[in-house]
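Colleague: Per TrEMBL, the features are:
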- 26-360: domain 'ABC-2 type transporter transmembrane' (DOMAIN)
- 204-227: transmembrane segment (TRANSMEM)
- 248-270: transmembrane segment (TRANSMEM)
- 276-300: transmembrane segment (TRANSMEM)
- 312-330: transmembrane segment (TRANSMEM)
- 358-376: transmembrane segment (TRANSMEM)
- 412-431: transmembrane segment (TRANSMEM)
- 595-612: transmembrane segment (TRANSMEM)
- 633-659: transmembrane segment (TRANSMEM)
- 665-682: transmembrane segment (TRANSMEM)
- 694-713: transmembrane segment (TRANSMEM)
- 733-751: transmembrane segment (TRANSMEM)
Amino acid sequence: MKRFCALLAKDLRLFFRRSGVVSLALSLVLLGALALGGGDLSRGAYVEPFPIAVRDEDQTLMSASLIGQMKQVELFSEIIDGGNATDASLMDRGAAAVVTIPKDFFYDLYTMEPVTVELVLNEEMPLESSLIRAVFTSVMDIIAANESVHLAVYEFCYGPLDQQEQTQLWEEFSNRLLRDALGRQLVFDTERMAADTADTVQSALRLCALSMLCLFFPMASVQAVPAERDTGLLARYRAAGGSMLPFLLAKLVTGLLLTLPTLAVVLVLFCRDILLQALLTVLLVYVGAWGVLLILAVTAKDGAAAQRRGNVFLLLNLLAGGAVYPLPLLPDWLHGAARLTLPYQLTVGLETGPSPALLWPLALGVGGLLWSWQRLERSLAVDRRSRSGRELPLPPGRWAGPTALKSRAMSGGFLGMAVLCAVALLCGAVSRHVTGDSTPAALAVAVVQEDQSPEANDLLERLERVEGLALHPVERSETASVLRWGDAEGVLTIGEGYGTALAEGESLPLSYESAAAAASNQAAREIVAGQVTAQRARLRGLDDAERLLERPLTDEEKTALLAAMDQRYEDLPPLYAVTAGDGAAAPWSATAPPLGGTLLLILFTLLTWGAWMARPDAVRVEQRMTSVHGGRIVSYGTDLLSLWLTGAVVGGLSLWSLGAAPADWLSMGAYVLVVGAVVRALTRLAGVGGRVDLLAPFLALITSLLGGCFCPLDQFSPWLERLSWLTPQGLALQGRWLVLLAATVVFLWLGRPKTQ
């Protein structure tokens with residue numbers, strides 16, 4: 001145990017000697033950057049909130065109350081006061097629809113006089129228009145169903161109505177209508193409603209933060225293994241009687257200890273309700289990541305190569321696992337690979353809890369431990385010279401030779417460059433799919449039908465006739481996957497016994513579970529509630545007839561009364577009139593900037609690759625070159641050229657795969673110049689320069705978030721947009737390439753080599 005504690009202390013000292021304190025601080029800064037710049041990108045796969053306009057010609061307490069209730073609907077981002085403005089001007093202001101409440105609407109409604117509500121839809125917002133129409137008609141269906149049922153029942157029981165019966169009809173109709181309107185959401189099982197997915201912003205922040213913790217700190221704990229092997233430290237440890245198992249396990253525990261401070265903050269902020277479940281899931285995923293990264297470190301020729309491999313592994317997991325771009329936005333061809341990523345396993349574990357399906361990361365960790373154990377044991381029998389002291393030869397040629405050598409050395413050879421190019425193509429393809437037109441054509445709802453009664457079938461038929469609503473039958477076991485991948489915005493479950501409960505007036509086994517990012521939650525409930533209330537009104541009409549007649553109805557009478565209800569419904573004058581008009585397109589978009597993924601990749605790559613320039617052998621080469629005439633300029637120039645060349649290749653492949661516009665290429669070129677200068681300046685900082693590859697994941701992700709790479713910050717706050725101008729990413733996205741060029745000059749001066 002004493003030896004294990006010594007190993008643990010040694011690993012902790014190594015970490016904190018290599019910019020460890022900065023890494024821990026950046027992990028906490030990342031949480032703030034996620035909150036500011038993470039936005040709500042997952043909403044891009046769902047219906048966005050939109051404004052509507054309401055013109056109140058009634059000007060009564062009832063109409064004011066109705067408008068107040070509309071303001072509480074999450075789907076409506078704003079209720080614009082129509083006033084005396086024209087429909088066209090209101091839609092030019094971004095309204096998806098204009099609703100006009102006519103004068104004396106509520107009085108005419110009470111007395112069952114013909115009344116028409118006007119609804120004008122914005123043709124430039126087809127999805128929003130169809131959705132508001134569906135919600136609007138659903139509410140009107142409640143009115144029409146109650147009116148037709150009460151008229152049919154009273155005429156069936158009394159024949160032509162006298163004044164007293166007419167007054168009784170109005171009172172009962174208004175009371176029932178008020179109860180149905182206010183209690184329409186009670187058709188759902190409220191206990192099931194409370195189990196809806198947590199707020200999407202917290203879910204996105206939680207996943208990205210936990211993914212970074214589970215991938216970064218395991219990598220930091222094993223990065224020193226190649227150096228310990230090649231310098232003979234591991235051989236001396238084994239010669240002193242030390243075992244390989246405690247040596248490796250100490251690194252596992254070191255990573256866990258380093259993860260704890262930030263992990264505790266994330267769990268307290270975002271996982272209080274599922275604390276134990278989240279902790280177990282994180283441990284499983286952490287062990288799996290540690291096993292893979294240990295293999296990558298053991299097979300690397302040196303620590304820089306291990307860090308380079310680890311950073312690429314981290315980036316691939318973030319891109320393909322839903323930590324950077326939400327799972328519903330990823331292309332279909334990537335879904336299979338996404339299921340193998342560690343962030344995806346985090347998503348599943350946080351949703352469902354640890355299960356046998358999540359044991360494979362544990363097996364991955366154990367397998368990586370055993371394989372690395374044997375590999376290191378065999379390596380001790382091989383005489384290895386330390387690569388850190390080997391001087392690189394000066395290549396022929398004054399500019400081209402050193403640039404080519406440095407580019408190849410930074411990337412780890414041709415194989416490393418090939419892997420990097422593949423990652424760049426993948427990043428561009430994913431960004432192209434994510435930032436494309438992913439707006440759904442209709443509100444997609446998955447349906448689990450556990451009841452096969454006529455009433456349940458009738459409900460589905462009613463919902464299928466609703467314009468703007470698309471139903472997708474699924475099994476209960478598929479619901480979590482459907483919501484996770486964005487195949488539907490919610491799941492409607494019609495439980496066993498729905499028909500019986502509806503007929504007997506009991507609580508309905510009906511639930512609607514929405515996806516975390518779906519703002520259409522309340523709208524979907526309104527649509528379903530309207531159809532269920534209409535069903536309930538018809539069945540309640542049969543009970544009312546038996547109450548008024550003071551006897552049970554025969555089957556023939558029930559059939560006749562239901563037919564009379566249908567006929568009355570058909571004969572009702574229209575309660576609303578729908579017209580179309582031109583206006584502005586949807587004003588809000590959660591789509592990420594197309595260039596964002598490429599900018600993240602370039603900075604991530606150059607920070608990782610640029611650390612090579614601060615290695616002792618690279619520094620010695622620079623010192624040798626400065627001894628010749630003009631060598632200082634050549635050394636500095638070839639450093640920059642190698643960085644710029646690498647950035648240009650990575651960025652160019654990503655933009656080519658993205659299908660970027662010419663302006664994006666110009667911004668990317670200026671961005672590569674300034675990032676190359678920044679990286680070279682950072683590598684000259686004492687205590688940090690040689691470890692920018694260790695800090696690369698945090699630095700790249702934090703600045704990309706603050707720069708607006710994953711969400712349009714101007715949609716949230718003007719000061720957030722101005723804050724993004726302080727980052728190279730924000731300037732590139734704004735097309736301010738002249739400012740980027742000016743910043744390049746500044747950082748070239750800051751990063752210049754010192755005069756000997």
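Here the Cβ of each residue, glycine as well, is placed from N, Cα and C on the backbone.
Where the annotation comes from TrEMBL, it is an automatic prediction and has not been curated.
Remember, it's a predicted structure, so these values are computed and weren't measured experimentally.
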Colleague: Report the listed stretch (312-330, 412-431, 595-612, 633-659, 733-751) having the maximum count of Cβ pairs within less than 8 Å of the transmembrane segment (665-682).
Modeller: 733-751
Colleague: Below 8 Å between Cβ atoms, which of the listed ranges 204-227, 248-270, 412-431, 694-713, 733-751 makes the most pairs with the transmembrane segment (358-376)?
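Modeller: Between the stretches 204-227, 248-270, 412-431, 694-713, 733-751, 248-270 has the largest tally.
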Colleague: Short question: which residues 6 or more past the ends of the transmembrane segment (733-751) have a Cβ under 8 Å from it?
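Modeller: Residues packing against the transmembrane segment (733-751) from afar: 593, 595-596, 599, 636, 640, 663, 666-667, 669-671, 673-674, 677-678, 680-684, 707-709, 724-725.
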Colleague: What residues in the same chain, six or more past the boundaries of the transmembrane segment (276-300), come closer than 8 Å to it by Cβ-Cβ distance?
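Modeller: Result: 210, 213-215, 217-219, 221-223, 225-226, 229, 248, 251-252, 255-256, 259, 263, 267, 306, 309-310, 313, 342, 345-346, 349-350, 353-354, 358-362, 364-369, 371-372, 375-376.
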Colleague: Checking distant contacts: for the transmembrane segment (633-659), what same-chain residues at least six beyond its ends satisfy Cβ-Cβ under 8 A?
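Modeller: Residues 398-399, 402-403, 406-407, 410-411, 417, 420-421, 424-429, 431-432, 594-595, 597-598, 601-602, 605-606, 609-610, 613, 621-622, 625-626, 665, 668-669, 671-673, 675-677, 679-680, 748, 751-753.
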